[in-house]
Structure formats: C-alpha cells, structure tokens
C-alpha cells in the first residue's frame, strides 16, 4: 500500500514570520493525520527557521531546488548537505518553473537527483508536458524523455526513495486542471515507464503525485484514481485551511 503524499510548494511566497504564522495555523488542522505524509516547501531563507515550529507536527520540510556539488565556487547555489543542515528531508527537483525560467534540463535534473540521493534527501522529481506538446499528441513522448533523462544511471535501490510528480504545465496556475481521466492516464503511463526502468516491484511502490491547480474541491476525484498517490499543491498550500482540507481529502 502506497502512503499518499500531500506536498505544499510555497514558491516565492512567505517571509519567515508569514511562514511561521502559516505553520501555526496549519499544524492543529492536520493534527492526528497519520494516513498521509505531509510536506511543505518554503523558500531557502525560511528553511532553517521552521524545524522548531514543525517539531511534533508530523510535517516534513522540503527545499524547492538543490545544486549537485557539495561546495565550491558556485555563487547563489545550495548543496544537499546545506539543505540537510537547514532541516530539510525532501527536495523538489525539475519543477516546470525551473525548466521554463532557469534553463533546467534532463541533464541538470539527473545531476541534482543523484546529488540529493547521495546526500540522503528524498527527491520529488517533477515532469510534465506543455499545452503545445499535449495538443501535438506528444504527452507520452515528453514524459518518457523527462523520466528517463532525469533518472538515468540510477539503480533500483537508489531509485527506491524517489517520489515523482506529474505536473501538466498547461494546468499550473492557470485554473485549468487535467481531468481525473487525463491525470490517471498519465500516471499509469509513468508507472509503466518506471517498471521498464527499475522493474514492476519498484513501479508498484513509487508514489506519483499530481500537480496542477489542485484544490479542496478537486482533490478527492484525483485521489480516487488507482495510480495517483498524492498531490503537489501550489496556491492552495498558502492558506492553512485550504491545505488542511486537501490533506484530509479522505474524510
């Protein structure tokens, strides 16, 4: 049985005090939820201030990106060791906004995934097609390329902790949502690619999250599908009540 993951990507929102206020609001609302793994991903500057606030809440801490070198002359970058030091246990890698605005490629995703795993962080590896790719009928081709490129060179044992997030780029921050059927079709395909890469057992165990305008009113339908194991939530994770409602989707 795959334990669902609900991860909140705060993107470029929330100062230290705003983040602490959000955790203060969120923590009691998700208290006692043991059936779901809860993760929040603040900006780098906020990471070190949250572990104390999250203690005893069952909420894990993720970074929104990582660099593949441990240290060196890489201005502006943060290494896996430094993220661990700041209290993170997870890291989002290859988010569509990183690909769109900052030149992220399959090659850099692959380096980051390997570095994160070596540094004992759980990678949340994001893949997804643009509207152009979907309309051209290239969804599966894009997903397979991104998956194989991002996970290249990993053994089945190394892959085991990895979480995959499917985020159709056309549904991020647009208010458009992939239908439950569209999302399930993509997730089933992703699981099939993983089976080809690492075997059926690995594919059966990997958690595949859906990301793309997830809200309290659509999460239940998405989570009812057999290959959807959670959500990577953007805007709706910035308010305690809406994020808690998503976390408690099964109630």
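Each Cβ is built from the backbone N, Cα and C atoms, and glycine gets one as well.
The following features are taken from Swiss-Prot:
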BINDING   9, 10, 11, 173, 213, 234, 235  substrate binding site
ACT_SITE  95  active site, electrophile
ACT_SITE  167  active site, proton acceptor
Residues 9, 10, 11, 173, 213, 234, 235 [recorded substrate binders]: greatest CA to CA distance in Å: 14
Sparsest-packed of the listed binding-site residues (173, 234, 235) - C-beta count within 10 angstroms: 173
Cβ atoms near residue 167 (active site, proton acceptor) (within 10 Å, other residues, all chains): 26
9, 10, 11, 173, 213, 234, 235 excluded, remaining Cβ within 8 Å of their centroid (substrate): 172, 233, 236, 237, 238
Distance [Cα-Cα, Å, rounded] between residue 167 (active site, proton acceptor) and the residue listed as 'active site, electrophile': 8
Neighbourhood of residue 9 (substrate binding site), C-beta criterion under 8 angstroms, separation at least six: 41, 64, 92, 95, 211, 232, 233, 234, 237
Lowest local Cβ density (other Cβ within 10 Å) among recorded positions: 11, 95: 11
